[in-house]
Amino acid sequence: MALQDREAKMARIFDRIEKNMHLIGSTAVEDRLQDLAAETIEALHAAGMKIWVLTGDKMETAQATCYACRLFQTSTELLQLTAKVLGEGEGKEIRLHELLVEYHKKLVTDAPRGKRSWMLSQEYGLVIDGATLSLILNPSQDSHAGQYRSIFLQICLKCTAVLCCRMAPLQKAQIVRMVKNSKGSPITLAVGDGSNDVSMILEAHVGIGIKGKEGRQACRNSDYAIPRFKDLKKLLLAHGHLYYVRIAHLVQYFFYKNLCFIFPQFLYQFFCGFSQQPLYDAAYLTMFNICFTSLPIVAYSLLEQHIPIDTLMAFPKLYLNVSDNAMLQLKPFLYWTFLGLFDGCVFFFGAYFLFQETSLEESGKMAGNWTFGTVVFTVLVFTVTLKLALDTRYWTWMNHFVIWGSLVFYVFFSFFYGGILWPFLRQRRMYHVFAQMLISISIWLALFCLIFLSLLPDILVALSRNLKRKAHQPKAVELPMLVSYRQVENGLPSAAGSGAETPHCPEHSHLRIFRMQRL
């Protein structure tokens, strides 16, 4: 079998054999796009995701698919790196080098600074086949490998979309690996529906399998499985957004409430002669994270919807708010740390100044250190729980049950542990401490004042946000849910595109996408 100039030799054989023949008929295989595939891709693009299509189809079919799903627009200038463009012979690598330099100059060197790729005046799309990709990844001269990869990636990042056709399964995985290891370590997401996509799905940070007609190998090897391609929009823009916010809030809240828990004990050592005397009773120390404050944050991290799902689906730009890990940066961490330290100081010094009065009971009986610690702990439990209630935007019966139930359980346990509800439990140092504490009107007033003072920063922040929201409300306009690329500016539709209609487009079963922006 010929290994060199194979296509030319095959063409000569066809010309010699296929003569004096009559065409009786022809067959065609229909490969339709799934419903709402084009709209899904537009939404992901508007959300700031970089979309690449990796397929084994030939270039003509793959290009037609990209135009059908509006990944390429009629105004998109296509940059081609294919075997047909490079030609045959030993000059392929020289031609490849020239094209890479030319495209790099056009898209990177001469491009205006400070603009996203989809905001440029001219849209570019890159088309590359498997043979050319092999030259980029494995050139004949090893010294060119790193240079080709770097230039190729810079070109791809400036394009609105990239089409890789005639890809072998391993080449799909190589592309994903190349992007993963590039500068900035972008997060990659791979979507596939067949066995040819398994290697790509396994290589990406997140793999999604679609239940298609080509079997379920992709679903079995994926992190998530969806029945239709259009479900990718809800999975990423709605559930991806919400779960990021929930998990980020959970992590920060755990730091906050444990800082509130520990900091008063740290301050207490300066007032007890560094004797290592605990501020809280051992039972309270054990049950703070296990029973008193655990269920509310669990319910929050499972059920919270700070923005309705329909709104997240209608405005993909909202995904940009979390795409760069915005909630887990240094500034939010410092804010939560400040809240923890501030509340810890309020708990301790508020109770400390309260206990400057030698007698808080009408009988004249003096309170001890366990009463002092119980006052601090009571303010602590109520504050961290009510703060989570202030942060909750989506209330269900479960949120009400765990938040208010946790506070009721704390009061019930304190009476039980103090021997009021079960007199046989006569724990010597905590006997009747909680009950005697609540007899004092001064302590009741201090509890309400300290809890309010601790929550005051959150209340002020919430009020300021509501005022800003109302101030900008008259300027808001109703925007369409689906728009084309040319009608998108900064991820939101422009006024000119508000009445545009998007034609119905079915879905391609061989569509492969992975994302290169940060989640």
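Glycine is treated like the rest: Cβ placed from N, Cα and C.
Taken from TrEMBL as is:
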BINDING   Thr55, Gly56, Asp57, Arg166, Lys172, Asn196, Asp197  ATP binding site
BINDING   Asp193, Asp197  Mg(2+) binding site
DOMAIN    220-465  domain 'P-type ATPase C-terminal'
TRANSMEM  253-271  transmembrane segment
TRANSMEM  283-303  transmembrane segment
TRANSMEM  333-355  transmembrane segment
TRANSMEM  367-389  transmembrane segment
TRANSMEM  401-425  transmembrane segment
TRANSMEM  437-463  transmembrane segment
Same-chain residue ranges lying at least 6 outside the transmembrane segment (333-355) that approach it to Cβ under 8 Å: 252-253, 255-260, 262-264, 267-268, 271, 367, 372, 375-376, 379-380, 383-384, 442-443, 446, 449-450, 453-454, 457-458
Cα distance (Å, whole number) from Thr55 (ATP binding site) to Asp193 (Mg(2+) binding site): 11
Long-range environment of the transmembrane segment (367-389) - Cβ separation under 8 angstroms, sequence gap at least 6: 253, 256-257, 260-261, 264, 268, 272, 277-281, 284, 288, 292-293, 296-297, 300, 343, 346-348, 350-352, 354-355, 360-361, 403, 406-407, 410, 414, 429-430, 433-434, 436-437, 443, 446-447, 450-451, 454-455, 458
Mean per-residue pLDDT computed across the domain 'P-type ATPase C-terminal' (220-465): 89
Candidate with sparsest Cβ neighbourhood (10 Å radius) among Asp57, Asp193, Asp197, the listed binding-site residues: Asp57
Taking residues Thr55, Gly56, Asp57, Arg166, Lys172, Asn196, Asp197, which bind ATP in the record, the widest Cα spacing (Å, whole number): 13
